[in-house]
Amino acid sequence: MKQINSIKDMQKLIAEEKRAGKVIGFVPTMGYLHDGHLSLIERAKKESDVIVVSIFVNPLQFGPNEDFDRYPRDLERDEKLALKAGADVLFFPDTKEMYPKESVVTVSVNKRVDALCGESRVGHFDGVATVLTKLFHIVSPDYAYFGLKDAQQVAVIEGLVEDFNFPINVIGCETKREVDGLAMSSRNVYLNDRERQEAVHLNASLIKAEKWLLEGDSGETEQKMIKYLEEHTSGVVDYCKILSYPELLPPTPQSKRLIIAVAVKFSNARLIDNVILDNILCRPESEEETCSVR
Ligand code: AMP
């Protein structure tokens, strides 16, 4: 596995690989790798010849009161894990390399950010879109792999790639979970023992919400989720929402896909999870239009 920390070297290597006709697969991460990240690398091996994994904790996507400084980092451990999972190149530029001076231009996301994490993390997705615009130019991948655990991020990236005409296939990959159902996340290490046990209820609330929807949502599913999470965790519920996906708007009878999404703040970690429901038949049930899942 090649290890590169300079943008110039990365671009040189990619140019050589492209000249040799290689298909480039890209897995951007913030490091502290876990099985969720590794599943993206394994997925990338299916259609790409050269797998580039980036590790960059992007300051632009952290708010002033968020965890940028204490975000977990362990490059040595990440190197071993990325190599074992089959990465060919590990790209780990530092902040100076990525942002040598104050930016003249940054990317601003206009849609799909008024709800969920975009609402509570103002500017977060502008930071994500800006760093990915840079990384996409540096790595020039044919395929880029993202986890659907961060489904709003995938929705924004699909918009970025389409609107800015990046010749990149965005592949959303399924959420990897611990055996008890907790979505894997680098931030899970912040949970204390009690919170770790409680955190399983995020996934449980999604399973329940799906069932409530199947039984015919009476418009109370979000409230029932909040109540369930308040009863079963010590965390503060940030949101429980059912929206159309990927638009992230209130569902209508025309919505073909829905997302049920949840975010809970524990003492040192804000956790998110979601489920995306396909083949949804929406129909008016009472005076209010509600959606049912089939
Ligand atoms: P991060 O390092 O948190 O920025 O995540 C890097 C990539 O890994 C993103 O595309 C995430 O959506 C993805 N990812 C994080 N956790 C998981 C998970 N549990 N399952 C699948 N993908 C994940």
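Easy rule for this one: first residue shown is 1, then count along the chain.
The backbone N, Cα and C atoms fix where each Cβ goes, glycine too.
If you check TrEMBL, you get these features:
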- 30-37, 147-150, 184-187: ATP binding site (BINDING)
- His37: active site, proton donor (ACT_SITE)
- Gln61: beta-alanine binding site (BINDING)
- Gln61, Gln153: (R)-pantoate binding site (BINDING)
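Contact annotation for binding-site residues (His34, Gly36, Gln61, Gly147, Lys149, Met184) versus ligand 1: Gly36, Gly147, Lys149, Met184, each with CB under 6 Å from a ligand atom. Of all the recorded positions listed here (His37, Gln61, Gln153), His37 has the Cα closest to the Cα of Met184 (ATP binding site). Per Cα geometry, His37 is the residue among the recorded positions His37, Gln61, Gln153 nearest to Ser186 (ATP binding site). DSSP assigns Gly147 (ATP binding site) to a strand. Look at the recorded positions His37, Lys149 and count other Cβ atoms within 10 Å of each Cβ; Lys149 has the fewest.
A helical conformation is recorded for the residue listed as 'beta-alanine binding site' in the three-state DSSP classification.
Between the CA atoms of His34 (ATP binding site) and the residue listed as 'beta-alanine binding site' there is a gap of 21 Å, rounded to the nearest whole number. Counting only the Cα atoms, the space from Lys149 (ATP binding site) to His37 (active site, proton donor) is about 11 angstrom.
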